[in-house]
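Note sheet for the following structure.
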Amino acid sequence: MIEVLRKDVEQYRKRQNQDDSMLCIINRCWNRFDDDVRFLVQRFDADASTEDETRRESSAVKNFLSLLSQWEFDEIEPKMLQRVEASRRALKKLIQAFERLNQRNKRLTDLITGKTEITYANDGASTSDENVFRVEQIPEDIDGQDEQVESLKTKKEELENHIGELQFQLEKTMRKEVKLESRLYDVTKQLDTVKFNAANAPSSSSTTNDSTANGVVQTAQPEALKKIEDLKKELDAAQKININRLKELNDMLEKNKAVTAECEKLRIESQVVSADAVKESPEFKLLQTQFAALLSESIHLKSQLQTTREMLQAFRDESNKNLEDIKRDEQSADERHNELLLSLEDQMNAARRDYEQLRMEFEQNVAGTDHTMCFARLGPAAKELKAMVTSMKTMNDHLKQESGRFKRKWKETLSILAKAHKDLDHERKLHEAPDYTEDAARRIRYLEEQNERLKKEAATGKNEEVGLMDELDSIGHAFEQMQEQNLKLVEQLKERDDANLKLMSEQLRGTQSVKKLKEECDLLNDQTVNLRQELSAQVLLLEKVEEREKLLIQQKKELENQIGLHYQAMENSKRKTAELAQQCADRQLQLERVNSQLAEAQNVITKKTALIETDSFKIRRLEEEKLALKRKIDQRRKFERADNIEDVLMEEIREMKDMLKCPSCKVKTKDAILTKCFHVFCMDCLKTRYETRRRKCPKCNAAFGANDFRRVYIS
């Protein structure tokens, strides 16, 4: 029996240790929950006053167990209520931060819907009104779900507070049980001592002091019975209270589980968006329509580009045919002209020879006539000579006229040849120019302007799409952060539920132990009946028991003195721990200040780096504009200085071809681009750099990987 009681006492001690450890675990979990809530509130940029309040509350929470051991029974309940109120305030701040974030998201969605309405106002008033109505309805649904979640959270907090009160009452009843168990232990110890003394006592002393022992037994029996009955009553009352508390706890736990399940379901419904909902959302449909419009527009642009290319090819073919015809005509004209020149030269040479012969004959005739006229001035011979002279003069005039006519013909052929050369140069210039007719020039200019306009519209559309995608990425990052925080809170709630389940299991064990104690009490009653019968034989040992009791009292006083000394030492250690905790809190405050200063410095550095980057970007843009203007000025100077424009144009074509070559090897053409820095090189150079592990851009020295370069087709 004594061994059973000792085992029970050991079990109760173990249970008390387990209760202490459970209190420590609950306090740790509560502290972790408060720290997480405080961290979330600070992350949502709370005010400085709230930070001071949270610091004071955290310093009070850290010393909660030490203060709990010092408080009296009446002070525990208001202190617990204060701590619960502090946690409730922190949760209220967190909920307000969530509401602010939801309002911010709502404003962002309103802005996005406003932008989409501005950009796509031409698509039709009916579709825009429907999209606006759907987008306005989504935040209202989200607000309704948030209100449901908040109501469920408040219900959950009330249930948790009720569970805490029930736990506190259960702890009170458990303390009463411990007191009763200690009393039982004292009684069993006294019985053990009496039993031991009775076993060791001589039989002679038992016979002599029969009468006195009977009197003591008669006086001691009713006191023991009263104590046992009181203990039974207290045990029954404690068992009833425990059963009621267990029922209430079970009901509250079931309600808590149902509320947490509903809260979790609503949270998942509000956070997790299905693929069908995304597909049916107005933003997705709007993006889909935008993509379809851009796709059709790009197809239309491609078809227009193809038609313009075909037209240009047709113009080129026609111009080539015309040039070939002109060349053939020019060759035939040259041949005819050369033949005519040769014939004219032959005629001129023959005329010259005839003219020389006639001149020589005329001179001879003139000399002969002068000689004859000197001898015979009269007569028929002189008349004949005169007639011959006149005829020769007429022939000479006729030959002069013929030679003048031949000279005119020769000049006319030269002018015709120069005109043909001019026409040929004109046709060559027309062939070299991209547009040789006014209609074709107007058409090409119109097509080029339309192409430029469409390119600008596509670029603006891409920029807007990139801006929208950046905003959607930022919203997605914020949403993912919210999901991570919610997952942390869910994990903390799961840990708290596990702790509550452990407490329930321990309470069930306590009820089982109470049942065992009942059975043991029944056994004790039987044993007390037996002991009453044995007390008649053990009364003789009471004197020795009293002497031993005196010795035990002295030992007890000594132990109390030792306990007092230990208590003083414990108080000193508590003071030291409180001082150390205060120092730790001060160090933590200093660390937070240093962290805030570091964060401010980092913000300043990021701002300065952003300004430097913007300035460098502006400088690069200005340098590029300067180079472009320099090139234009050099081109103008070349045109002004050069005598032949064709040489200048050929030099520019050569420079353009050099620009199309790879700047790294300067042999192959540019056919690959780095997506990190958008510099263009040949694919072989990039592959060799990647394979030889020189994975940096040759121009800007930016690092790149296997997926950072791709082929480009330059037409």
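Cβ coordinates come from backbone N, Cα and C, glycine included.
Ranges compared are 81-111, 670-700, and TrEMBL records coiled coil for 81-111. Cβ atoms under 8 Å from those of the domain 'RING-type' (662-701) belong to residues 708-714 of the same chain, restricted to positions at least 6 beyond its ends. Across the domain 'RING-type' (662-701), mean pLDDT in this model comes to 89.
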